[in-house]
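Right, one structure below, let's go through it.
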Amino acid sequence: MPSLQSTLDDEGVADELAASQRSISIAEFFEKNKHMLGFDSGARGLVTAVKEAVDNALDAAEEAGHLPDIYIEIEEVGDYYRLVVEDNGPGITTEELPKVFGKLLYGSRFHKREQARGQQGIGISAAVLYSQLTSGKPAKITSRTQGGEAKYFELIIDTDSNEPEVSVDETTTWDRTHGTRIELEMEANMRARGQLRDYVKHTAVVNPHARIELREPNGEFKAERATDQLPAETEEIRPHPHGVELGTLLKMLEATDSYSVSGFLQGEFTRVGTKTATNVIAAFTDRHYGREMAWRTPATHEADIEAAVTEAVANKGQAATDEFAGRVADAIRDHDRLAHHELATLVEHAAVATTDETGTTFGDTVQEKAVAAAWTIVRDDRTADLYTLTDEATSTRKDDGVIESFAERLAAKFDGEGQVRDRLRRETLEEYVERAAAMTAEREDVSFGETARENVADALWSVARTVPDDPPNVAAVADDRDTASALLSAMSETDIIAPPTDCLSPITADLVRSGLEKEFDADFYASATRDAGVHGGDPFIVEAGIAYGGDLPAEGSVELLRFANRVPLVYQRGACATTDVLKGIGWRNYGLDQPGGSGMPNGPAVIMIHVASTNVPFTSESKDAIANIPAIEDEIELAVREAARELKSYLNKRRSMQQRQEKQDVLGSILPEMADKLATVTEREELKIDDSLARIMNNVLVERRIENSHVELVVENNSGTSASPELTEIVSAEPTSVSDGARVVEMDGEWFIKWSPEVGSDDDSVLQYELADESDYDLDVTGIESAKLTVNT
Ligand SMILES: Nc1ncnc2c1ncn2[C@@H]1O[C@H](COP(=O)(O)OP(=O)(O)OP(=O)(O)O)[C@@H](O)[C@H]1O
């Protein structure tokens, strides 16, 4: 077939192409790109549909303050699978229901800054779309709001218009008093049963307040409620100034009712009050207008100032002129440094005071002339000033002559056109320093490196003054990208307290731990919850947990559990920021095996990571993986490292205990033989092995000595630190004369005598009592690791 080009000229091709252009409906687009929404295969499609429906069910129930009660059923019906998900949420009104299920990009959460599982308003309608595309059947929905009648709908999505097409709309009966039931038929298979089970099981782990039941062709799974406590209610918040993008800022500037930037900042952002707004505006003004250099005032030139001001003032009479000039000179002397606008204010005050004193007026023109005359003298000494500033800011190794010529060159830069007020932006100042330094380095054949240049620019900028000009108003900022960009930079460089976290509902470290304990039989658990960070104006919190040892499989790499807003992430583990961060950590430092020193660590461990945010940045609409956002990655790393440090100290301790035990075992087998030999050779009584072993091993030794009715428990501390063991002696007769500090409790004919002595290093403690009758003895010692304890009773 001939190509378009071979049959048509350029214009013809363009016309032909123009004729074939048409807009594409959202539903049509997703129909062709199902994989983006997680519906790329029958196996995966089923998992995604369950996930979307269950996430919505949990969101809805929690939002209405109900403890979620969710029922999931998957059944094979002919060529298709039927999925039913029921919840006890608030139900959906008759007006809303068709749009919720029959229109893509329709939802209640997209514009809210509040933690929720749903974000985009695509999930459930995409499942409806997938079901109708593969089975040709409509979605069947029952919903009932509290006190209302149950409604039954059948609908499909019209992919051309992205609008619901309702075929059945009637009243029905339903045993739930409120909630929603959705029934979808779709082409599917159970090949992803593992992922489906994992999703439901892990959802139960991080949502202990939910009751979830799953029935599928090959079995059942039931997660009963572990707590009646709903997660803390979240509040909607405004964006935080840190991390907002320029496009978003421009949109907000256009939409706001505020006139001033200060009002805008305080009204549209969280954590901005008057003080923070003032700080942001100062930084903004510095960027927008630049700062004014404040020169060291010429202390010895008072006479010159008076003369210059006098000369600038004409026809005001000798006495008034002298008074005015004197006042200006005095005021200048009172300042250590002076910027142009400060000089103008000071001259204005002198003019008013002189008028009060002498009755002669000094108007704007006279004041301007006086300012110009005095300013010439104030800035006249700037080479010396720049010399001192540079000398202080650079290393002492720099030669005086070098600094002098640098200062001269830098001072000359301030002679340029338009430099009347010595007002300049930071970039210009840096450029001046750069050029003067480069020239000095070249001419004097010395080095004037990057750090020295930066230090000099910093020193000069820190003595320069923020100008008093009003910042541009909101409309002016919105109109100009550069100005808006300056405001954005000012917002991000100003210290602002972290956003409130009541919009987030982290699992909390304790529940992360108990979630892991509930799910995995391990020897050790650790968890960490970080403070909130900000990304794109949205706050986020990262939590991490580690389970180690026990029944966890020792072979192969550790298991990673990923969660975002309490939703388990099932697919695309390799594309997730959590995986990348985990791979980048040097796990050998924390006691886990890591072949080659990078990549997933090996060992009997489960690592769980939860990112909670008002807007989790996913890599795609299917919400399978968290994007590589540096601020979030840093927090993931810190959370994981925090938990990993606990793991490390646990493993170190365990290792040293193992070594100790091995040593003790070896000694335990050698010592009796040696003692036996020694006793034979010396013909003396055999040594007490336990005592010697305890001393060699620096153990705490506990011995019972009985003489008639008198019983002693001797605690001998051979270790280098003090010990606080708890001893419980259980006897079958009533003890008397029990030594101080003991608690005696009788239970069913047995007496429990409990001591908690504090025994210093190399010291001992003797605990005693009397027993009139014959008795059994049973001693229990706690508070000391078994490898560091020898009990000889
Ligand atoms: N079971 C339900 N009970 C009550 N309201 C529901 C239920 N399911 C969905 N909704 C409402 O319908 C809206 C659309 O749901 P949908 O799954 O399409 O998007 P979402 O959950 O907001 O976002 P996402 O696309 O990220 O999942 C939700 O925002 C919610 O307001």
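Keep in mind that glycine also has a Cβ here, set from the backbone N, Cα and C atoms.
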**OP:** State the residue range annotated as coiled coil by TrEMBL; the candidates are 129-156, 409-436, 633-660.
**Re:** 633-660
Original post:
Asn56, Ser108, Arg109, Gly118, Gln119, Gln120, Gly121, Ile122, Gly123, Ile124, Ser125, Lys623 bind ATP according to TrEMBL; which of Asp79, Asp87, Asp593 goes with them?
Top reply: Asp87
Original post:
In the domain 'Histidine kinase/HSP90-like ATPase' (41-161), how many residues does DSSP call helix, how many strand, and how many coil?
Top reply: 41 helix, 32 strand, 48 coil
Original post:
Which residues, sitting 6 or more apart from Asn56 (ATP binding site) on the same chain, put a CB under 8 Å from its CB?
Top reply: Asp87, Arg117, Gly118, Gly123, Ile124
Original post:
Which entry in the list of binding-site residues, Ile122, Ile124, has its Cβ near the fewest other Cβ atoms, using 10 Å as the limit?
Top reply: Ile122
Original post:
Widest Cα span across the ATP binders Asn56, Asp87, Ser108, Arg109, Gly118, Gln119, Gln120, Gly121, Ile122, Gly123, Ile124, Ser125, Lys623, in Å?
Top reply: 22
Original post:
If you count Cβ atoms within 10 Å of the Cβ of Lys623 (ATP binding site), leaving out that atom itself, what do you get?
Top reply: 27
